[in-house]
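Peer 1: Summarising the annotation, TrEMBL assigns coiled coil to 99-126. Taken from TrEMBL, the feature transmembrane segment applies to 421-445, 466-483, 546-564, 584-603, 635-653, 755-776.
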Amino acid sequence: MGGGTHRPTMDLLRSEPMQLVQLIIPIESAHRSISYLGDLGFFQFKDLNSEKSPFQRTYATQIKRCGEMARKLRFFKDQMVKAGLSPSTRSAISDDVDLDNLEVKLGELEAELMEMNANHEKLQHTYNELIEYKLVVQKAGEFFHSAQSMAAAKQREVEAQQRGEGSIDSPLLLEQEMVTDPSKQVKLGFVSGLVPREKSLAFERILFRATRGNVFLKQSVLEGSVTDPASGEKAEKNVFVVFYSGERARNKIVKICEAFGANRYPFTEDLSKQFQIITEVSGRLEELKTTIDVGLVHQTNFLQTIAYHFEQWSHLVKKEKSIYHTLSMLSIDVTKKCLVAEGWCPVFATNKIQNVLQRATVDSNSQIGTIFHILQTKESPPTYFHTNKFTSAFQEIVDAYGIAKYQEANPGVFTIITFPFLFAVMFGDWGHGICLFLATSYFIIKEKKFSSQKLGDITEMIFGGRYVIMMMALFSIYTGLIYNEFFSVPFELFGPSAYGCRDPACRDASTAGLVKVRSTYPFGVDPRWHGTRSELPFLNSLKMKMSILLGVAQMNLGIILSYFNAKFSGNELNIRYQFLPQMIFLNSLFGYLSLLIVVKWCIGSQADLYHVMIYMFLSPTDDLGENQLFFGQKFLQIVLLLAALVAVPWMLFPKPFLLKKQHEERHRGQSYALLENSLDESDEMEVRHGSSSHEEFEFSEVFVHQLIHTIEFVLGAVSNTASYLRLWALSLAHSELSSVFYDKVLLLAWGFNNIFILIIGIFVFICATVGVLLVMETLSAFLHALRLHWVEFQSKFYEGDGYKFQPFSFASLDAEDE
């Protein structure tokens with residue numbers, strides 16, 4: 001059980017030291033031990049039952065029970081959302097609730113709630129049917145009342161004609177019709193109901209086609225919408241009455257109504273019965289309305305009781321499900337009295353893990369304690385870095401490329417400074433930087449509020465990277481002060497310009513009229529260089545050469561980190577035949593170019609560095625002439641050129657032959673230690689596999705791999721250096737866009753001396769600045785800085801083929817979606 005006192009290194013450069021541990025846990029204390037380890041959050045379990053399906057595992061039944069309880073909780077949550085309720089955050093989350101009792105309670109609550117829903121749906125269905133029935137009786141009654149009134153008027157007219165004197169012009173057919181025996185008249189039947197308004201025309205056409213026109217249809221449009229009893233949704237409907245003759249016609253009408261979803265309701269022609277029906281239906285509706293309202297109040301109170309305990313129950317179910325899922329990853333001892341677990345944990349957490357295991361043994365009243373045993377393994381451990389809310393976003397930038405291999409140098413340490421700085425080189429404007437800083441300051445000040453809310457995708461992404469944006473803004477203010485640009489406008493912040501006009505007739509647009517009249521501007525670019533012809537050659541040259549210097553410096557940093565990686569792992573071959581030739585090759589060419597840039601700045605020479613670098617390869621022995629910057633430059637160029645040429649075969653040939661020699665010595669049992677200390681992991685795995693199967697060393701594969709690596713570095717050194725020129729290009733583009741918006745929008749509107757045009761110009765300037773410069777340009781510079789880190793910087797030393805330490809922890813349970 002032993003273990004010394006360890007403290008976390010809190011070192012972002014290297015992963016925390018990890019160890020593989022075996023735990024032998026008694027059955028009676030297994031559940032509590034896993035629970036305490038989940039509270040601690042420092043142990044990553046290995047799945048010892050990976051060959052088994054989820055249904056074959058020991059605790060599959062318990063996991064299924066937890067899944068069923070989670071389903072019931074989701075049902076409760078849906079019902080609460082429909083009722084406009086939310087889970088209470090006042091209820092304290094505790095583990096006092098027993099899982100078995102909770103399972104029974106959730107079942108009872110679900111049954112009761114489902115019964116409430118069924119009764120409510122039944123009552124609501126009846127209520128909606130009565131509403132429609134009442135409307136049908138009212139509208140159909142109007143039809144019949146209107147028809148009876150017309151018939152009575154016609155009857156009175158006929159009787160008046162019969163009492164009058166006969167005339168030859170009297171209609172004989174009408175007299176015959178009126179004296180016809182009423183018993184011989186045909187009695188028409190009718191069907192009444194409601195049909196959806198959008199189907200009414202089709203309903204009418206089908207009726208006439210099916211009955212060959214032997215029906216009479218009367219429709220009335222209802223004002224507003226009614227709730228359909230079947231679907232429970234609001235719909236616009238028409239009241240209809242279909243008159244027919246014969247039973248066959250009635251059967252066809254009934255089938256057509258069913259096909260069109262038309263609800264049929266009975267109707268009587270007796271006016272007194274109609275009033276009686278309406279009175280009875282109205283009374284019944286009032287009773288149902290009262291019953292439904294009481295039921296809803298009862299259901300709301302019931303759901304409020306569930307909502308008060310919902311978070312506690314949900315947390316417990318999630319916790320228990322994760323515990324049993326973890327227990328299913330453990331293997332059972334042959335005696336079936338112990339569970340065997342294996343997993344990774346940080347070395348500094350050894351004592352903490354042992355303490356919680358001991359506490360679990362005591363709390364479970366177990367007679368046997370958990371055995372804590374450290375295993376020796378050649379398996380690569382997971383990578384674990386201590387991060388906080390500031391460093392975590394920078395670490396995620398690196399992790400998006402790949403997780404650092406165990407004990408591999410972590411680029412995240414350098415990314416904290418280099419990423420926002422390279423962004424600022426492209427975005428340099430202290431006015432825009434202040435805008436970014438104010439925007440991200442709002443998220444930082446309100447971080448407690450935002451961290452407890454459900455945010456949208458874009459807002460959540462911005463909030464997660466708030467400290468990255470803050471650093472980008474601060475560095476943009478710094479580089480903007482160096483560039484002396486505030487929304488593209490220069491200011492004399494640190495004193496007056498060092499340049500003045502030679503005579504009163506000179507203009508800013510002419511460089512010939514400017515002379516140096518005082519000491520050099522103390523910080524950044526002189527304000528008189530903006531808006532003059534000297535800006536184009538000087539600022540462009542400054543930013544371009546600065547991009548090369550920054551690129552070469554960062555690539556050198558990457559190669560130096562590859563040395564520390566090799567040194568830390570004891571890989572002497574990589575130090576001798578990878579680090580040294582790479583450093584020599586890169587600095588013989590581009591390091592020398594950086595030296596020339598600095599020397600030219602210091603002595604103020606007019607030498608053409610393009611000419612120097614080109615003829616360093618084409619004519620290394622020719623005199624430099626006016627392009628010579630210092631004594632001995634020609635000799636130094638020849639030495640550096642020869643060193644670069646030697647570095648290429650130095651990277652290519654020695655390492656494959658030395659690997660072959662060591663492989664042969666290993667088979668003869670002469671160089672175990674040398675082999676283990678000199679091979680990188682991929683080579684070591686390859687040789688170990690070869691030794692176990694007694695296969696021959698594949699020299700051709702190793703040589704081709706080294707050839708590809710050499711070609712990739714040589715070509716990459718050139719292309720990566722050129723790639724850093726994007727710092728210059730995007731900086732120039734940002735400055736020019738900002739200048740265009742200022743000159744062609746704001747100043748142009750100002751020149752009209754019209755307040756209305758000025759307001760429009762200010763509005764357009766603000767929209768263009770925010771939309772283009774603060775959003776699109778920010779995203780563009782961010783992506784280019786990301787590429788420079790992932791490709792140009794990290795490719796020199798970072799493999800990123802590790803895996804992250806993901807301990808079993810309850811801390812993130814509430815944030816997970818079921």
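Glycine is treated like the rest: Cβ placed from N, Cα and C.
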Peer 1: On average, what pLDDT score does this prediction assign to the coiled coil (99-126)?
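Peer 2: Taking every residue of the coiled coil (99-126) together, the mean pLDDT is 92.
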Peer 1: Grab the same-chain neighbours of the coiled coil (99-126) for me: Cβ-Cβ under 8 Å, and only residues 6 or more beyond its ends, written as numbers and ranges.
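Peer 2: Sequence-remote neighbours of the coiled coil (99-126) are 65, 69, 72-73, 75-76, 79, 229, 232, 288, 291-292, 295-296, 298-299, 302-303, 306, 313, 316-317, 320.
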Peer 1: Please figure out which one of 421-445, 466-483, 546-564 racks up the most CB pairs under 8 Å against the transmembrane segment (755-776).
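Peer 2: Selected stretch: 421-445, with the most Cβ pairs under 8 Å.
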Peer 1: With a Cβ cut-off under 8 Å, give me the same-chain residues at least six positions beyond the ends of the transmembrane segment (421-445) that come close to it.
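Peer 2: 462-463, 466-467, 469-470, 472-483, 485-489, 543, 546-547, 550, 726-727, 730-731, 734-735, 738, 769-770, 773-774, 777-778, 781-782, 784-785, 788-789.
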Peer 1: Residues sitting near the transmembrane segment (466-483): Cβ under 8 Å, six or more positions beyond its termini, same chain?
Peer 2: 389-390, 393-394, 397, 416, 419-421, 423-425, 427-434, 436-437, 439-441, 443-444, 447, 493, 523-525, 539, 731, 735, 778, 782
